[in-house]
Amino acid sequence: MECSLSRCHSQAVATASLRKKLLLLFTMLLLWGYILYSCAGFCVSLPGPVHGSARQRAAAAAAAASASAAAYKVASDPDPFVSAPALRPRLVPRVPAGEVEDEEEEPDPPGGHSPRPPELNYSSFGTKKLPQAIIIGVKKGGTRALLEFLRVHPDIRAVGAEPHFFDRHFDKGIEWYKDLMPKTLDGQVTMEKTPSYYVTKETPPRIHAMSKDAKLIVVVRDPVTRAISDYTQTLSKKPDIPSLIDTSWSAIQIGIYAKHLENWLQYFPMRQILFVSGERLISDPAGELGKVQDFLGLKRIITDKHFYFNQTKGFPCLKKPEGSSKPHCLGKTKGRTHPNIDPEVVQRLRDFYRPFNMKFYQMTGQNFGWD
Ligand SMILES: Nc1ncnc2c1ncn2[C@@H]1O[C@H](COP(=O)(O)OS(=O)(=O)O)[C@@H](OP(=O)(O)O)[C@H]1O
């Protein structure tokens, strides 16, 4: 079909302008799509200005979600504070050494990861990895407090419940274990805590076979107080436990830290094991957390400003976990009132542990001040 020169020209101009408009519209659509895609994942609950790369921001958001989930858990606890158990001086339960210890009383729900509101679910990001760092002990040392405090760090992702893979579920295979872990982005550290690992002979070679570079963290506490804490927990479940000090009782054996350390040193060098003071974790949580962050090769993000001392609970709590404005104390099974133990019994325990403590100080090069 023919057209006049001027008509053809105006048609050509109209087509070109329409093309331009369409191109502009398409570019805008693309841009909006990109912005929406980015925001859907990362913008939902960033707690405040977060600096750094997109990856760091994503990591910060993931940690915020984790901390927030922990706060949800505590908020749903009907009684966040302790109640005094019956006093049972002189009683120490007798349980054969090596018998399976009871579970932590307030793990996260089965399935491992902390409960997390759907809009804060970042689990689709990253990949599951085997842990690079494990809190291996000790039972009643303050392991839950350490893990919950560490979870504030944007570069730490941890499974909430105790997996007990290397001591109880080893037959389930390494893939089962890996599948319990939360997804992580590059540069984030995957962690778990199972306090019974420290005293289980099979565990060091098994962890070594998984990774000879694994970083191991042990929260140690005065073995006398630790034993009483363990006893208090057993008492809360079985009020009729027998009354005797018996050094073969596993709760007493757990406190012979030097003996257990020898097993670990057959597989791991001392530089790969960090000993956290359970006492300082209470008196100076930020100081202990500083050392742990250094050990893990992470920036010191968790500092004094994250903690406050809750007078009612008598323990430090998280002031404002990232992603939440609610303070976060551990639940009622953490920081229980201990029964009054006969001073004679306490003295016997002190005397029993003294030489093992000295050996432990010597092996670690640290004086924990328990005597
Ligand atoms: N911030 C904070 N809040 C509450 N409790 C704290 C805290 N820091 C350390 N602790 C001490 O942790 C003790 C329990 O240790 P674990 O978490 O290792 O216990 S368990 O082995 O997992 O059952 C627990 O022992 P008990 O005092 O005997 O209950 C506490 O003394």
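Every residue gets a Cβ built from N, Cα and C, even glycine.
Marked as transmembrane segment by TrEMBL: 21-37. Per TrEMBL, region 'Disordered' is recorded for 93-122. As annotated by TrEMBL, compositional bias 'Acidic residues' applies to 99-108. What TrEMBL records for 109-118 is compositional bias 'Pro residues'. According to TrEMBL, the feature domain 'Sulfotransferase' maps to 131-354. Under the heading active site, for sulfotransferase activity, TrEMBL lists Lys140. Taken from TrEMBL, the feature 3'-phosphoadenylyl sulfate binding site covers Lys140, Gly141, Gly142, Thr143, Arg144, Arg221, Ser229, Lys334, Gly335, Arg336, Thr337, His338. Residues annotated as disulfide bond in TrEMBL: Cys317-Cys329.
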Problem set entry | Sequence-distant neighbours of Gly142 (3'-phosphoadenylyl sulfate binding site) in its chain (C-beta under 8 A, six or more apart) | Val219, Arg221, Val276, Gly278, Leu281, Ile282
Seminar exercise, completed: Cα nearest Cys317 (disulfide bond) among binding-site residues (Arg144, Ser229, Thr337) -> Arg144
Seminar exercise, completed: A correct count of other C-beta atoms within 10 Å of the C-beta of Cys329 (disulfide bond) gives 23
Problem set entry | Between Lys140 (active site, for sulfotransferase activity) and Ser229 (3'-phosphoadenylyl sulfate binding site): CA-CA distance (Å) | 6
Seminar exercise, completed: Lys140 (active site, for sulfotransferase activity) to Gly335 (3'-phosphoadenylyl sulfate binding site), Cα to Cα, whole Å, comes out at 10
Problem set entry | DSSP-derived structure type at Ser229 (3'-phosphoadenylyl sulfate binding site), helix or strand or else coil | helix
Problem set entry | Sparsest-packed of the listed recorded positions (Lys140, Arg144) - C-beta count within 10 angstroms | Arg144
Problem set entry | Secondary structure at Arg144 (3'-phosphoadenylyl sulfate binding site), reduced by DSSP to three states | helix
For this session: Identify which of the binding-site residues Ser229, Thr337 has its Cβ surrounded by the largest number of other Cβ atoms within 10 Å, counting every protein chain shown.
Result: Ser229
Problem set entry | Mean of pLDDT values spanning the domain 'Sulfotransferase' (131-354) | 94
Seminar exercise, completed: Using a 10 Å radius on the Cβ of Gly335 (3'-phosphoadenylyl sulfate binding site), the other Cβ atoms enclosed count 20
Seminar exercise, completed: Of Lys140, Gly142, Arg144, Ser229, Gly335, Thr337, the recorded positions with C-beta less than 6 Å from an atom of ligand 1, in sequence order, are Lys140, Gly142, Arg144, Ser229, Gly335
For this session: Please report how many Å separate the Cα atom of Cys329 (disulfide bond) from that of Thr337 (3'-phosphoadenylyl sulfate binding site), as a whole number.
Result: 16
